[in-house]
Amino acid sequence: MWQFSALLLFFLPGCCTAQDSVTGPEEVSGQEQGSLTVQCRYSSYWKGYKKYWCRGVPQRSCDILVETDKSEQLVKKNRVSIRDNQRDFIFTVTMEDLRMSDAGIYWCGITKGGPDPMFKVNVNIDQAPKSSMMTTTATVLKSIQPSAENTGKEQVTQSKEVTQSRPHTRSLLSSIYFLLMVFVELPLLLSMLSAVLWVTRPQRCFGRGENDLVKTHSPVA
């Protein structure tokens with residue numbers, strides 16, 4: 001009878017140990033400013049359950065960093081992402097932009113009623129070489145500060161724009177001067193010419209009349 005009870009407890013879901021429910025690497029390492037990946041395996045029974053990645057001890061009160069939504073969709077939060085492969089019964093955790101402070105105890109876990117199946121993973125972070133850190137800093141500074149070449153190109157472009165605008169200004173002034181000549185000075189000249197013609201015309205008529213009068217009244221020889 002006790003053997004039947006033991007077998008029943010073994011096959012009941014949730015009664016197996018954490019190592020039997022979810023497994024993974026006991027230790028992983030990554031380099032500062034790099035990334036690392038952890039693959040946690042689980043039995044087919046937990047296919048439709050939420051999986052998570054948490055940090056800290058004790059394990060029952062660890063801080064959950066990221067958790068799936070019972071699907072195979074990628075879930076990302078800050079620098080940590082998780083994806084569940086329900087065909088191969090593996091969920092993959094990726095940590096990016098690693099920092100020295102990321103080193104510590106983590107857990108692969110499955111959310112269920114009662115104690116969650118969990119597996120302990122020790123994460124180690126190796127310090128990045130100084131040359132790599134200097135290269136990263138130089139790249140950031142280069143992206144922030146404008147290069148002298150670009151600045152020179154901008155100045156040459158502005159100078160060309162100013163030079164090209166001067167002929168347009170001269171052409172506009174010439175057009176305005178021509179219009180003033182046509183609409184102001186030309187009518188003035190025509191008016192002066194008309195006045196001169198009007199003044200000189202009566203004088204000619206008056207002179208011609210006097211000559212005729214002299215001829216008419218001159219004595220006959």
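Yeah, the Cβs are placed from backbone N, Cα and C, and that goes for glycine too.
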Candidate ranges 38-48, 49-59, 93-103 [criterion: Swiss-Prot lists as region 'May play an important role in murine norovirus (MNV) binding']: 38-48
Secondary structure at Cys40 (disulfide bond) (DSSP, helix/strand/coil)? strand
Which residues does Cys40 (disulfide bond) neighbour through Cβ under 8 Å, counting only same-chain ones at least six apart? Val22, Thr23, Gly24, Lys51, Ile90, Phe91, Thr92, Val93, Cys108, Phe119
Using DSSP, what is the helix/strand/coil residue split across the domain 'Ig-like V-type' (19-124)? 12 helix, 53 strand, 41 coil
